[in-house]
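See structure below.
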Amino acid sequence: MKIIYQEQPNECGICVLGMLANELHEDKYAHDELLEQINLPASGLSFFELETYGKKFGLEIASYQLTLEELKQLEGKYFIVHFPKHFVVVHKKQDNLWEVFDPAKGKYLLNDEELKKQWTGYAATVQKSFKEIPPINKRNFFKHFFDLNLIIFYVFIELIIIGISTLLATASKTMIANTVDFGTSVNIVVFVVFFLVLKGLYLLLYALLQMVRNVLFWKQYRGYLGWIMQTLQTKSFVYFSNKSPNQLTERQFYLKEVLSFFNVHIPNLIISCTVALIIGTLIGINQMEFLWIAIVQIVVNCAIFLYDFFFTKRITKQAIPQMELQNKVSLQLDGNLRDEQNGKRFNYLMMQLRKALIKNQNISNQKEVNHLASDGVKSFAQQVFDFLILALGIIGIIEQRYTLAFLFYIFSIQALFSAYATRIIQFGAAVNLYQFCKDKLVTLFEDKVNDCNFKVSWKCPKVINLNNCSITLNQNLDLANLNLNLTNGMVISGENGSGKSTLLKILTGRGLSYQGQIKLDELDLKDFSASQLFHNVYYLTGQLTAYNDITDFGYSEALLNCKNPQVYQLLADTGIHNQIKLSSGQKQILQLFLLQNLKDKVILLDETLNAIATELKPRVYQLLIKPLTYNNFVLMVEHDLRFVNSEQDLINLSPYLQQT
């Protein structure tokens, strides 16, 4: 670990954080940079502040008061130890020997007794974690993702590869020139052996360098991906309500393309401009006709590349809506199979899915055929130019304008020139893709919090009033003129399709439209923000096909908070605690059990007892549903009316149905 020396007595804490960040994250913080990161108090940092600021540097710090023996038993490589008015980092080197990294004195060793004399008894463990994410926008995007040191390293790797290629060309020229008088057979054998050895070394070194480059790239990619995904933990409800899961998973593609632009395309541009200038000059000095061939080859390669790029861009624009349609229909089909039994709708959705699949397959086939055709044309053009160079070279040898050695040399560097010059044109396409991915990443970072500007504060209602409410169920059926006073514990019934579930869903405030007024006590439902309703209104359906295992529900945590032994007995009698896979009835019991610690919420239960055995329903109601009414507002949709205590606790929606 490299020491960062403090310049003032109060800087030991920040220096310790910088040393650990440099060691665990391979950062390169210097003293002055650390002071820019934190507004350092005059008294220095405390353990609490070390824990807080440590997250900024990607450090998970936990402090303890403990003995030396307990310190020895802690897991970890490095520990922060508190001396009187001073912090140091220690590392257990041997059983009775500690290596100390002191921002005031440097590195030194202490045995147990020496450490014990200076130590105050307070220490902290240090673990590597993801760094906190600062706000990212278009103005500071470049700063967050551009790493000059990595770009310099990648340019250095490219220079090594080019140097090897140039050395190979020069060596070939030298070998042919020095063996041309030994006879044709000897000349060929020497050249082939020497060429294969050099080519083998080149390929081996090229593979190693590319491996190093790929390892560094994917290490950086994984770090940034974890760094970005950590932001999801701090995002608001509004953020997730406005972002689809597909948008969140797209981050990986956008991130990879952005990092490729900085770490691949920018170094390639720097190298390509340099190589094109130097080698183009060399070719022009030696023979202009080869330079013109190279220029024509570059133009042809660029034309093929641009055709492929714009074709792919156009076909991708066609593919996006088809893919979105395919995903949308797949979700609808999944809902049909899980929540409905509607053969006509199933057949319609399958027809739509088949159409989308066929169109997507046709688009994929077009892209594949186009890529194959482009590669074929490019390969053919390369062969044509190779034969043209060879023909000009043979003519030049016959006319004694240059030697065989020069032909091999010019052949090698001309190929290098055309390859790198073509990359300059390809950089334009990379810029186009970078701009697109950058904008997408910035958009995904944005978190609009205007939803939090709600008009009223949440309070659990005692009554929900519906005044002249009308709800459209489908094109032929409405719930009209609903004037209802819904009270805690009330059960809603009615024939199938009478709008029971729709009414509960409207009370969630999640976008279903209605006419009229719905009031929670004296407050209008529309006055609450979507975030407030999401956190305070619970809607549970009996259709729980997505969950199979008790670990999906956080079962262990809920058990710790359960105080009623009869509930324990219910869980044991229904076999929930020892089941690997849960039945539908067990899932319903479990989801009701997990609600037990809720307070001041509106809980909407949509047929959450329909899969439970008939003999168990009264017991489940008494132990899991009725207690919810003590601290919450509960509404139930049920066909089984044995739980209704009086007519005042029952609402039948069937009389409100109207044909339209």
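Each Cβ is built from the backbone N, Cα and C atoms, and glycine gets one as well.
As written in Swiss-Prot, here are the features:
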type: DOMAIN; residues: 6-126; note: domain 'Peptidase C39'
type: ACT_SITE; residues: C12; note: active site
type: TRANSMEM; residues: 150-170; note: transmembrane segment
type: TRANSMEM; residues: 188-208; note: transmembrane segment
type: TRANSMEM; residues: 265-285; note: transmembrane segment
type: TRANSMEM; residues: 290-310; note: transmembrane segment
type: TRANSMEM; residues: 379-399; note: transmembrane segment
type: TRANSMEM; residues: 402-422; note: transmembrane segment
type: DOMAIN; residues: 464-660; note: domain 'ABC transporter'
Please work out the number of neighbouring Cβ atoms within 10 Å of the Cβ of C12 (active site), leaving out its own Cβ. 23
I'm checking region-level scores; what's the whole-number mean pLDDT for the domain 'Peptidase C39' (6-126)? 88
Summarise the domain 'Peptidase C39' (6-126) by DSSP state, stating how many residues are helix, strand and coil. 48 helix, 38 strand, 35 coil
